[in-house]
């Protein structure tokens, strides 16, 4: 189970990066949700194996360069997803167990890009993207080009509000027609178009593309008592507020609202992908609190994926950086969610066998919103002695024999000299989350590799201007930019380098956790497996993978070559202080604090080494209780958990 949890964590984190950071989803919503729910189930059954970088413990995406980073004063959370009436009823039961008289506000889930707007004395100061929930991108100048966002409010308030920026279907169609005429790549969907627009460095482009917004939340403290009052105030202040919502205490009425909206979603001028249900009382919201990732007082019902039939014409097999061989089906073109689809993932050999997918089959292809399609199943009634799919025995890149480990669902090439494996590893090293070498994408990497200029990541730092100039299509100016990007990458903090090495099970967050303890890449050459396994959030699988990598002679040589080239080996963040007063304690805040707001208290606790969570359990070490503390305080007392007040916290 531990191994499966790790596999799911790594896979889902890769999909999250593609979705949130690159705005280029690589898996369907349905497939992602299926894997995510499997991970949630396993983590609930085996909580001791939950990893620090699990997507169940995270929000949103990572940060692209090009805009200044912006730390949100009030974090942005994701929402818990629901896909059935039963899950909504379970949510209702949990809420009503604490607040029998709770009412809900159901709002449309706009398929756009989350934004945060901060005003001082009524004037817009900062517009930012969500990013990872704590740090986003400052896109203020682009935000000012969206016509329905007021630069000055109708009242001189200091306030932070949240909402969604989107592109209407009409604007999306016009933009894609213009891009087609100009020979440019068309946007896949309105969400991608909106995301790409907000990241434009040329603000005039933003103005031309006619984005719009719907605001739905006051993140800063508000005098309003109910969510529907918040929407009314936002409208009074001059913001656009979506007119479709329903206030009720009945889940039957909410379900009727969902079905009504689902039936008319194609008639709307913009894309939606579900309905969000929130506890209407803000006081109840505060008492219900948050999990690590999501509020306990809200849930997002997501509409089912759209499905179409297509015929499988052939299958391509490609090798990834870890050697995993992935099948992709070539299809008869079909229109799906507003785009023409001619390729779909088949996931892995076990999936093909389970579904009995064959060449020539008519299959169901599905795609939710802006997600790359996948094959759901075969239409058996249309099968007519189709060709059984031949599973490759040899690597399509190097010809080596493929292996299928018992505990894995994928075929894998284990030849370290496989050209595709090397190229994918180089691409990963240069990617944004790793060393962020701008311009060094797949096409350039392939040319460098085929020319014999690079065979491992250390070779990147030996490249010269003359090397680049020998490649087709590379001019002097491009060569200079590439060399500058390579040089700039040398000063990255070491966790980006560790992640860039592509060690199995070592993601970006795990890299940071490791280096918070060890401080330097060189120290990992002699790190002991049992020491690494003791780091909170890691465990034996990660520890074994890391030590196996650094025990190789080639790893020591590579580290030495990178160090000689001037690549930074040192972690620039704050190392873990095991002497902090509350180091290692799990703490819960409950009730109303008089001197500190919630975020200030949370920051103080984390600075003291504590981990702050939203619910009381047997794992909780300490509860900080303010006035009017409710069920969390009672539960803490029943479990015999240590309880302190705000004055105790302020003494530190």
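Even glycines carry a Cβ here, placed using N, Cα and C.
As annotated by Swiss-Prot, NAD(+) binding site applies to 29, 30, 31, 32, 33, 78, 79, 107, 130, 164, 278, 302, with the evidence given as sequence analysis. Residue 79 (NAD(+) binding site) is surrounded by 19 other CB atoms, counting those within 10 A of its CB over all protein chains shown. In the three-state DSSP assignment, the secondary structure recorded for residue 79 (NAD(+) binding site) is coil.
In the shown protein chains, 23 other C-beta atoms lie within 10 A of the C-beta of residue 109 (active site, N6-AMP-lysine intermediate). Summarising the annotation, Swiss-Prot assigns active site, N6-AMP-lysine intermediate to 109.
Look at residue 418 (Zn(2+) binding site): DSSP puts it in coil. Residues or ranges marked as Zn(2+) binding site by Swiss-Prot on the basis of sequence analysis: 395, 398, 413, 418.
Taken from Swiss-Prot, the feature domain 'BRCT' covers 577-652. For the domain 'BRCT' (577-652), the mean pLDDT of the prediction comes to 82.
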The correct three-state DSSP answer for residue 31 (NAD(+) binding site) is helix
Not counting 395, 398, 413, 418, residues with a CB within 8 A of the CB centroid of the Zn(2+) site are 319, 323, 396, 397, 399, 400, 402, 415, 419, 420, 421
As a whole number of Å, the Cα atom of residue 31 (NAD(+) binding site) is distant from the Cα atom of residue 398 (Zn(2+) binding site) by 30
Cβ-Cβ distance under 8 Å, sequence separation of 6 or more, same chain as residue 278 (NAD(+) binding site); the residues meeting this, in order, are 104, 105, 106, 107, 227, 285, 297, 298
What DSSP reports for the domain 'BRCT' (577-652) is 24 helix, 17 strand, 35 coil
The rounded CA-CA distance in Å from residue 395 (Zn(2+) binding site) to residue 130 (NAD(+) binding site) is 41
Residue 413 (Zn(2+) binding site) and residue 130 (NAD(+) binding site), compared by Cα position, are separated in whole Å by 38
Argmin Cα dist to residue 130 (NAD(+) binding site) over the recorded positions 109, 398, 418 returns 109
